[in-house]
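First up is the structure itself, then whatever we jot down about it.
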Amino acid sequence: MKILCLLFAVLLFLFQAAPGSADPLFPDTVACRTQGNFCRAGACPPTFTISGQCHGGLLNCCAKIPAQ
């Protein structure tokens, strides 16, 4: 019975999903994040501006507004 529990634990460990592995990599999302920006649904926070789109146009790419 202990072998069965150990086998079950090993199988769960081997077949667990890695975080983010199911997310498709959209080219616009990769371009946004490589520039140090982030993706957000809806409007960007107050000190950020929309600099493009992410996830095939479903989200906004938010960039920090440069200090003056």
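Quick reminder: no glycine exception, Cβ is built from N, Cα and C everywhere.
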Candidates CYS39, CYS44 - disulfide partner of CYS62 as recorded in Swiss-Prot: CYS44
Secondary-structure category, per DSSP, in which CYS32 (disulfide bond) falls: helix
In the chain carrying CYS39 (disulfide bond), residues 6 or more apart in sequence that have Cβ under 8 angstroms from it: THR29, CYS32, ARG33, CYS54, HIS55, LEU59, ASN60, CYS61, CYS62
